[in-house]
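Novice: I have a structure I would like to understand better, so I am pasting it below and will then ask my questions one at a time.
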Amino acid sequence: MEPRNDTRISEFFLLGFSDAPALQSLIFGLFLSMYLISVLGNLLIILAVSSDSHLHTPMYFFLSNLSFVDICFTSTTIPKMLWNIQSKNKVITYEGCITQMYFFVLFAVLDDLLLTVMAYDRFVAICHPLHYTVIMNPRLCGLLVLVSWILSVLNSLLQSLIVLDLTFCEDLEIPQFFCELNQVIQLACSDTFLNNMMIYFTSLLLAIGPLAGILYSYSKIISSICRIASAQEMYKAFSTCASHLLVVSLFYCTSLGVYLSSAVTHSSHSSAAASVMYTVVTPMLNPFIYSLRNKDITRALKAFMGQQL
């Protein structure tokens with residue numbers, strides 16, 4: 001198959017889930033509902049934290065940042081998919097695909113880094129409680145978030161720039177409902193060695209590295225909790241990080257499931273369905289996980305809603 005010159009590339013085709021008209025309406029309604037729940041839930045977390053002075057602490061500062069990133073994360077892919085279903089058109093322009101891919105990679109990595117920062121926050125709070133306010137000062141908290149943004153932006157920019165140098169074949173069908181980096185690279189007719197090496201390197205640095213940091217933090221946390229004599233104190237200490245641990249497990253398990261499923265099966269429907277777990281379901285569940293297991297968030301949400309009524 002002859003490669004296409006970059007200047008002639010105008011559009012990609014997102015295969016999505018199904019072409020059946022009956023299923024299209026069901027998929028549209030389901031994803032619209034999940035998207036609205038995700039945006040509303042994360043927005044309420046941000047408003048609750050900002051409106052309650054008792055929640056102006058490092059843990060809730062990082063949580064509000066995570067909620068903001070989750071809103072951006074889902075907004076990168078779902079609105080375009082809903083528009084394609086409504087318009088019965090699976091086309092996305094070349095420029096739109098690169099832009100979507102850039103922001104998807106940015107917010108996915110930023111989500112990962114913020115979860116790592118939150119694990120470090122819990123490590124300091126439980127293992128060094130007497131020095132917590134000194135270590136986790138506002139300057140350090142702001143710096144950790146800023147560094148996370150900078151690393152995410154630079155990584156996403158670099159990944160997007162080297163994709164721009166690729167030439168593509170005639171068959172530009174992406175077996176997803178969004179422009180996923182690996183899927184776009186697989187469509188290229190030119191040499192993708194640099195792209196693949198960059199993905200492996202950044203995955204090791206920005207995915208495996210943060211995961212190792214999270215595991216190390218929780219190994220120290222568990223070790224510290226086990227040394228606490230009182231069962232009540234152990235429960236209180238563990239309950240402060242249980243929500244975060246559940247979110248981390250959900251994020252990494254669903255992400256790993258997506259790439260394992262894409263390696264095992266080449267079905268576009270299976271790959272797209274697996275991607276839903278970490279692109280839609282995980283951001284949607286995060287507010288529920290944090291609010292249901294956190295009395296401070298629940299109290300702040302009730303107070304905020306009471307002020308609005």
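A Cβ is built for glycine as well, from the same backbone N, Cα and C atoms used for every other residue.
What you see is a predicted model, and the numbers here were worked out from it, not measured in a lab.
From TrEMBL, for reference:
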type: TRANSMEM; residues: 22-47; note: transmembrane segment
type: DOMAIN; residues: 41-290; note: domain 'G-protein coupled receptors family 1 profile'
type: TRANSMEM; residues: 59-78; note: transmembrane segment
type: TRANSMEM; residues: 98-120; note: transmembrane segment
type: TRANSMEM; residues: 140-158; note: transmembrane segment
type: TRANSMEM; residues: 197-216; note: transmembrane segment
type: TRANSMEM; residues: 237-260; note: transmembrane segment
type: TRANSMEM; residues: 272-292; note: transmembrane segment
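Help me understand the surroundings of these features in the structure.
Specialist: If you look at the transmembrane segment (59-78), the same-chain residues 6 or more away from its ends with a CB under 8 A from one of its CBs are 31, 34-35, 38-39, 42-43, 45-46, 49-50, 100, 103-104, 107-108, 110-111, 114-115, 117-118, 121-122, 125, 141, 144-145, 177-178, 240, 279-280, 283-284, 286-287, 290, 296-297.
Cβ atoms under 8 Å from those of the transmembrane segment (140-158) belong to residues 58, 61-62, 65, 102-103, 105-107, 109-110, 113-114, 117, 120, 198, 202, 206 of the same chain, restricted to positions at least 6 beyond its ends.
Within the chain carrying the transmembrane segment (197-216), a Cβ under 8 angstroms from the stretch's Cβ atoms is held by residues 109, 112-113, 115-116, 119-120, 151, 155, 158-159, 162, 181-182, 185, 248, 252, all 6 or more beyond its ends.
Distant neighbours of the transmembrane segment (272-292): 15-17, 31, 34-35, 37-38, 41-42, 44-45, 63, 66-67, 70-71, 73-74, 77-78, 175-178, 180, 243, 246-247, 250-251, 254-255, 257-258, 261-262, 298, 301; these residues of the same chain sit at least 6 beyond its ends, with a Cβ under 8 Å from one of its Cβ atoms.
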Novice: Counting only residues 6+ away from its ends, which parts of the chain sit with a Cβ under 8 Å from the transmembrane segment (22-47)?
Specialist: 16, 63-64, 67-68, 70-71, 74-75, 78-79, 81-82, 85-86, 88, 280-281, 283-284, 286-288, 290-291, 297, 301, 304
Novice: So what's the average pLDDT for the domain 'G-protein coupled receptors family 1 profile' (41-290)?
Specialist: 87
